[in-house]
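Colleague: Pasting a structure below so you can have a look.
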Amino acid sequence: MNTQSIGAKGKSKAAKGIAKRHRKQSSLSDSISKPAIRRIARRAGVRRVGGGCFKEINNAAREYIRDTLSIACIYATHAKRKTITCSDILHSLKRMGIKYIGY
């Protein structure tokens, strides 16, 4: 006997009770993933990344982004805008002492 009714889309009735597999949730939902950190490290020339480094890299990246965005927000509010533009980010990086060429 056919478990799937005629014209029905999706899975059969027999497969409805099967548990679905879920990805493991990380403790920091807004953190950078380990593979992403490895890719960035590879671009910088690093061959291996120690296990204890990931948390520190996440903290440093979060602080760097927070500082950059807070300065960019100051530029946007001074210009009476609610949207942060690319030039706001470039000015905030310049204020932090980082020269970014290409934009």
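Just so you know, glycine gets a Cβ as well, placed from its N, Cα and C.
Sequence annotations record features per position, and here Swiss-Prot assigns DNA-binding region to 20-24. For 10-25, the entry in Swiss-Prot reads compositional bias 'Basic residues'. The feature N6-acetyl-N6-methyllysine is assigned by Swiss-Prot to Lys16. The N6-methyllysine feature in Swiss-Prot is assigned to Lys16. Here Swiss-Prot flags Lys94 as N6-glutaryllysine, drawing on similarity to another entry. Annotation comment: Swiss-Prot describes 1-32 as region 'Disordered'.
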Colleague: If I take every residue in the DNA-binding region (20-24) and average their pLDDT values, what number comes out?
Modeller: 75
Colleague: For Lys94 (N6-glutaryllysine), what residues in its own chain, 6 or more apart in sequence, show a Cβ-Cβ distance under 8 Å?
Modeller: Tyr100
